[in-house]
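Trainee: Can you keep this structure in mind? I'll have questions shortly.
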Amino acid sequence: MRQSHEAAVLNTYRYLRLATIPLLLTLLIAVGLETFRGEPCLLGSISAYYHTPARGAFIGGLFAVGACLIVYKGNDPLEDVLLDFSGFMAFVVALVPTVVDTGCGSKYPVQNLDLTAAAVRNNITTLLIATALAVLAKWLLVRRDRRRATSTQKDLELPMQPADEAPTPLNGHVAQWARRASWICLVILAVELGLFLFWPDTFKDVSHGVAAITMVLGVIGVMIANARGLSRAEQQSDELRSAPTPPGGREPEQGPRAWVNRYSLVAAVMVALIGVTVVLHLMGLTGNYVILILEVVVILSFLVFWGLQTAELWDYPTRKDKVAAEGAADVVEIIPFERFSAPDTQAREPRPPGTQAREPRLP
């Protein structure tokens, strides 16, 4: 039963990481197909395709990506906060359209702005009610699990109340940054909520841009948090696996160079491309497509990020599990990536005496 549970947890993490990649591609594919449908014409942003037949793919793709980011449990509290915030902002980007792009006026009729305003009111109200119910449900489940933990004599690791890590200065530092990020995110959400309740017209005009910008900042924060987390994990693995450094030996890297890894490079390239795009726009070389270029840069960078994390943590649910296994020099049992696994009670063909069962391999 335990092995089946571990396989289910690992495959769930694999599906969440992998699913984000095609879901992000959905946005680019929908834009490409709609651009060349009939008269070829390119709008100035992916968000502008909300007002075209690609609306369903645009909203569905963003909602699915947002759900994956919220459901996915980050490797540390800071990453978890940023993932939840970015996922929620993806909902807002999907539900609050940007202004109508008239660059393809001959291809698309004039939009009814009154209907758009009514849609925003309905959609955001629905999102707020659903979010309030979800937060209430989680609060009730956490309370229930805490009562179970205090009333039982057994040391249970409960689903909604995971076991606490041993307090260390490093864990406390990460938790401190997570609290700061939480307050910043709450302030942004409070501003958005205030605009929606008291200045709905202003909310309709600016909320999409605010949500998109803060979502991108959250994505950059996730990449930086992973760069820091990977650096810390590699140092911990070296300390657990290796003997004391001999005289003249090579100490584990500390300081800024320790941050130079796959995630920091992706974040740096993404920020650099954003900066280059802004400079080109100021020089008048991007035309009306500066927002579109920036959106494509962010999407492709996030695609690369999820591909790298999928490869890094393919055999582990989280980076903490990977460090623990490597530090203990455990032999990783390869769990096949498959949709359905045969139950343990399934009848098996008899093996000749003296033969051993073959270990499962990845396809």
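Backbone N, Cα and C atoms are what each Cβ position is placed from, and that goes for glycine too.
Feature annotation from TrEMBL assigns region 'Disordered' to 235-255, 340-363. Residues or ranges marked as transmembrane segment by TrEMBL: 12-33, 53-72, 81-100, 120-141, 181-200, 206-227, 263-283, 289-308.
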Trainee: Tally Cβ pairs under 8 Å between the transmembrane segment (206-227) and each listed stretch (12-33, 181-200, 263-283), then give the stretch with the top tally.
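Mentor: Checked against 12-33, 181-200, 263-283; highest Cβ contact count belongs to 263-283.
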Trainee: Who are the long-range neighbours of the transmembrane segment (120-141) in its own chain, taking Cβ under 8 Å and residues 6 or more past its ends?
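Mentor: Sequence-remote neighbours of the transmembrane segment (120-141) are 88, 91-92, 95-97, 159-160, 193, 196, 200, 203-204.
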Trainee: When only pairs 6 or more apart in sequence are counted, do the transmembrane segment (289-308) and the transmembrane segment (12-33) reach 3 or more Cβ pairs under 8 Å?
Mentor: yes
